[in-house]
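Working notes, beginning with the structure itself.
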Amino acid sequence: KNKTKKRTRVLLTPSLLAAALFTSCSARSTDCETEHNVKLSLDQFDIVATPSEDVFRQNLTTFYKENLGIYPYYDPENTAVNGGLPQSVNLSQHLEKMSENIDTYIPDPKAKGLTVIDWREWHPLWGRNGHGKDRYRNKSRELVARKNTMLTQEQVNNAAQEEFELAAREFMLGTLRQGKNLRPNKLWGYYLYPDCYNYDYSGKLETYTGRCSDVEIKRNDQLNWMWNESTALFPEIYLEKELRSTDQARLFVLNRVKEAMRAASVGDGLTRPVFVYSQPTHKYGMTILSKEDLVNTIGESVALGVAGVIYFGGKYYSGCTALNNFFRETMGRYLLNVTTAAKECSQKLCKFNGRCLRRKPDRAVFLHLNPSTHKIISQKGKLKVRGSPGQAELKAFRQHFKCQCYNGTKGEDCNCVTTPTPLEAVATPKRCD
């Protein structure tokens, strides 16, 4: 049988097309300024946003369980909020309340940028509601058993799973559709989706491969409805301290991003942009990332073709001074290095109509500036790049990277228009025959 080669296009809004890599910092940076008199240097980020329920009109908007519709969950005292379960909430009331919330937090109907929904109380797949989320399975069983006392335990469990997953799916799909309908120029998706749960490195780093298990890949396949409806995906690549400066950290990130890119390509041939969440410190601690960690997180993600990196951070307390030095020097320089290299590769290989990603995803090659042709300097307190790519860099670009074309273009160098979409083309390519 002849197999038709699947074409993939990248969905991006015009505001995000100017850069081959989009960077954002979503952090309570004002805490450092008000509590410790340290203003964080965030000049290298395209967008700086505050992950707070009382901050409005942001290009990166994050919604939580308290401020988007009527999200059902159980509080720490096991008290039901908004019905507690997705099958117990009124979807119409949720969407009506959601419309009010969107008008408050994103008042401009033509607003652009990213919208991230951060709902973590329960997972739409029954099998992923273990550990602290067991209550959602137990409460679902109780709900079924109360309605029909004649069912066996197995029948109760099967019915509970079916009712929960169907309601969760409709609730999350309805939320995405409502958001896209009301703010169509924003990119919508759920925080931490997809995940591949490749955390099996504790105490066995030497044998750790980073691979996503077949079980978790199949579970992500069950979420194809979410990938199809989302206009962006937002996985996380936070490193625990055990992975600090190790080769295994790269394997951890490599496989998580590969799985996200796989999910992003599900459906109609339109590849949704992937924005990875990272943070300047190790997970659950205050230890600042090493230079190797930056390469293994940002560098790895960019080389795999992510659309952007969102740096997330909460309260930093006494670490503000060290963190500010990190932003100004190590991280600031690395961000500028990678974003500049990504832009140069996009220009040279893809005519600014696509982004570069590895030809062989597992190979450890990166979009880094060549120190023999580029220099990062500090000028009037701001970092700048001097130099331009030489023939050796152009050869390396072509050898190790290929183009992923933005929507409306195709071809090896993305220089061929498939549809007349002036909003989505940076350069002016030729028409396809």
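Backbone N, Cα and C define each Cβ position, glycine as well.
Looking at Cys350, Cys416, Cys432, the record from TrEMBL puts Cys403 in a disulfide bond with Cys350. Per TrEMBL, the cysteine from Cys405, Cys416 that shares a disulfide bond with Cys414 is Cys405. Within 10 Å of Cys345 (disulfide bond), as judged by C-alpha distances, the disulfide-bonded residues found are Cys403; the full candidate list was Cys196, Cys212, Cys320, Cys403.
When the C-alpha distances from Cys212 (disulfide bond) to the recorded positions Cys320, Asn337, Cys350, Cys403 are tabulated, the minimum falls on Cys403. Cys212 (disulfide bond) falls outside any helix or strand according to DSSP and counts as coil.
Checked against Cys320 (disulfide bond) by C-alpha proximity, the recorded positions Cys196, Asn337, Cys350, Cys403 yield Asn337 as the nearest.
Sequence-distant neighbours of Cys350 (disulfide bond) (same chain, six or more apart, CB under 8 Å from its CB) are Cys356, Cys403, Cys405, Asp413, Cys414, listed in sequence order. According to its DSSP assignment, Cys356 (disulfide bond) is in a strand. In this structure the C-alpha atoms belonging to Asn337 (N-linked glycosylation site) and Cys196 (disulfide bond) are separated by 29 Å.
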